[in-house]
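Heads up: the structure comes next, in structure tokens.
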Amino acid sequence: MQHVSIIKIGGNIIDDKEATTRFLLKFSQVPGYKLLIHGGGKIATQIAERLGLKAQMVDGRRITDQSMLEVVTMVYGGLVNKQLVAGLQAKGCNAIGLTGADGNSVLAQKREVATIDYGFAGDIVAVNAQQISSLLEQQLTPVFAPLTYDTTGSMLNTNADTMAATIAWSLASRYNVHLIYCFEKKGVLSDPDNDNSVIPALTLPMYEQLKQQGIISKGMIPKLDNAYTALRKGVQRIIICHADELQTVVSTSTVSGTTLSL
Ligand SMILES: Nc1ncnc2c1ncn2[C@@H]1O[C@H](COP(=O)(O)OP(=O)(O)O)[C@@H](O)[C@H]1O
Ligand SMILES: CC(=O)N[C@@H](CCC(=O)OP(=O)(O)O)C(=O)O
């Protein structure tokens, strides 16, 4: 089976020009089939504020009304996606920028209103693995914005960690999939105030316990929930690491960051 590296880059790195440039160089050097999924929540919040819109997050998910949907479509699908694609082209990586609507890649449905109305937030219904494979086989590197679409023709806002995990497990029957979450810390920490307290190997029971103790919190919870689902669904290897450690993590000889297991 061919190997594919699925790499997610978070909004705190994208918001830092120098960190992004360093990451793009490392990403461009990852050998074999690869795919990038980016966030950009921090930039969307800043631009929304400039337009007089206040961001509202619940459990790490953005409440996305019509105006916010317009902002995130512009920011994720336009500004952030195209800057990353151009940056990769400059490093010799033939990237192609996509949202879930492009090539019918990731279909979703508007999240049903339960206790909270998330507005135009999309829950993924189907990933077009054939379409993604055909891009990889053409030696293109897909770069996905965290946007999906529905059958009524509306764009939807989907959490980037969820998008990365869902694409990863949807490709797991065709490829050996490695999923790497890159962010601004060295891994999952046993002490959130100590950046060097990286947990090298995190099992699901350990995660449950640290979550209960409040040691794992905020955006790390949806990230890990998605990641453990991806492991259960056949993704071979999942690592959470600092964006600067990408190269170390993909060359399997050295251990860095946090490796997940069930
Ligand atoms: N135990 C922990 N180890 C590392 N990060 C943690 C932990 N608990 C909470 N976090 C928080 O989770 C955040 C990462 O989640 P998120 O903001 O969604 O990341 P991303 O930038 O990848 O989208 C970190 O910035 C950190 O503040
Ligand atoms: C529905 C939802 O919450 N979507 C996310 C998509 C961006 C994202 O996930 O960005 P980070 O990876 O930088 O956090 C949002 O708008 O914040």
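In case you wondered, yes, glycine gets a Cβ from its N, Cα and C as well.
For the substrate site, TrEMBL gives GLY40, GLY41, ASN157; the one candidate out of ARG62, ARG111, ARG232 that the record lists there too is ARG62. Shown are the recorded positions LYS8, ARG62, LYS223; the one with the most C-beta atoms within 10 angstroms of its own C-beta is LYS8.
Highlighted here are the recorded positions (LYS8, ARG62, ASN157) whose C-beta falls below 6 Å from ligand 2: ARG62, ASN157, in sequence order. Separation of the C-alpha atoms of ASN157 (substrate binding site) and LYS8 (site 'Transition state stabilizer'): 16 Å, rounded to the nearest whole number. Around the Cβ of ASN157 (substrate binding site), a 10 Å sphere holds 28 further Cβ atoms from the protein chains shown. Look at GLY40 (substrate binding site): DSSP puts it in coil.
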